[in-house]
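Per Swiss-Prot, the features are:
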- Asn121: N-linked glycosylation site (CARBOHYD)
- Asn318: N-linked glycosylation site (CARBOHYD)
- Asn344: N-linked glycosylation site (CARBOHYD)
- Asn424: N-linked glycosylation site (CARBOHYD)
- 1-20: topological domain 'Cytoplasmic' (TOPO_DOM)
- 42-559: topological domain 'Lumenal' (TOPO_DOM)
- 21-41: transmembrane segment (TRANSMEM)
Amino acid sequence: MANHHRLLRGGGSPAIIGGRITLTAFASTIALFLFTLSFFFASDSNDSPDLLLPGVEYSNGVGSRRSMLDIKSDPLKPRLIQIRKQADDHRSLALAYASYARKLKLENSKLVRIFADLSRNYTDLINKPTYRALYDSDGASIEESVLRQFEKEVKERIKMTRQVIAEAKESFDNQLKIQKLKDTIFAVNEQLTNAKKQGAFSSLIAAKSIPKGLHCLAMRLMEERIAHPEKYTDEGKDRPRELEDPNLYHYAIFSDNVIAASVVVNSAVKNAKEPWKHVFHVVTDKMNLGAMQVMFKLKEYKGAHVEVKAVEDYTFLNSSYVPVLKQLESANLQKFYFENKLENATKDTTNMKFRNPKYLSILNHLRFYLPEMYPKLHRILFLDDDVVVQKDLTGLWEIDMDGKVNGAVETCFGSFHRYAQYMNFSHPLIKEKFNPKACAWAYGMNFFDLDAWRREKCTEEYHYWQNLNENRALWKLGTLPPGLITFYSTTKPLDKSWHVLGLGYNPSISMDEIRNAAVVHFNGNMKPWLDIAMNQFRPLWTKHVDYDLEFVQACNFGL
């Protein structure tokens, strides 16, 4: 009881104390709420009118009683915001381009100043008191005339900015740079293509031309032949039996180039271990026969035998038997070969190299008649007149041909020099008979088994396909495509060291590869007797030229 009284005297009953606490908390909550309201009511006049409570009078200068329906946004406000946004965007764009100009360190610093000035103009315009008042207003009293003037000035600056950016855009726009670079590359490629066409045509003209020294040499040799016929004729003499001896090493060289043919013979004899066992069958045309006869009578060849004949001596080679001679009578074919106007030749660059009339020369097609030209021989080595022999070649006669006709070095690598590059595989006959991925081989040094040739009837096969190609539908002329066809399944690949090609067009052939080669071939337009020959390879050929002969010296050949 005493304790109970003490509780009453000390503060009253628990119920009364709890009620006091509840009232105190409620009063605090109301006070906090009123403080929050007073904070919002004291906000700047720029705050949204929607935050003001209706029916309450405030001391912030508004002093009017408004309802939610009474407060409406000015219809010009969105337009003002849009104009301001356009100005801000273009100001930022101008600043960005100014930054790009500085980063790129443009030589023309005027652009930097122009973009910086444009940016300042936008800033000055936006901060102009008259126009800033429009944007800072509560939206109730925007003057349309001032707004129109503001819009006009902004549009004028936007127009000017776009013009400046359009003029300078290519300095910054990557896509424009890429497109401009592509256009430049395309134009340069066009120029390069035209230059290549002109170069190819000029190279073709040079390759077909006869150097003055070579022409002089042929004329002086012919003059010598006419002046002293008894010294150089073989008429009335018995034909040496070595020329038909199958036990000797026989070579076939078909050429109308006196100096080139002599280099082939000189180099082969020089590198032969037993030169007296080697027989060279040189065939030329009637016009160069006298010069060839004199050339090969002027010196001894260490006992080697050299036979010089004209193609006309082989009477079976006539237009009734040889398809090429028959096709030569075609007006269209003559036009294809001999119409060498620059505008026509450069339009058809694919076939330009085939327009050389040498492809019509019967000398170029004699290789398909070897068994008939040399009926008593079993094997023969064919050499082009643009080769140089660097080693003894008798090892070729020791190769087992496995019943094949043609021993040749293959030239394919990757997708290059496949049959598809030499023949028209869209033609059904070609498509049916041959594999487009078959590996091509090279003419220039070919070892032929003449017995196998006769057995396989390769000449008849050549005639069959040559007649079918009268309109050039199967291949674009030349002798390699018909050779690839004729010896399609009868070619034995030889080691590449026997025959290295490309010295007439490829400057990147390694000297090690050349030194290890038995025969090097100057195939291409840059023949070693021409001024356009590659200097790094030319000495391989010139060291076999008979510069000590008076006729060669008289013509200043090679100077």
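Backbone N, Cα and C atoms are what each Cβ position is placed from, and that goes for glycine too.
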Check: Looking only at DSSP and grouping its letters into three states, which state does Asn424 (N-linked glycosylation site) belong to?
Finding: coil
Check: Hey, which of the glycosylation sites Asn121, Asn318, Asn424 is the loneliest by Cβ count within 10 Å?
Finding: Asn318
Next item on the list: Measuring Cα to Cα, tell me the gap between Asn121 (N-linked glycosylation site) and Asn318 (N-linked glycosylation site) in whole angstrom.
Entry: 93
Note to self: Between Asn424 (N-linked glycosylation site) and Asn318 (N-linked glycosylation site), how many Å separate their Cα atoms?
What the structure shows: 28
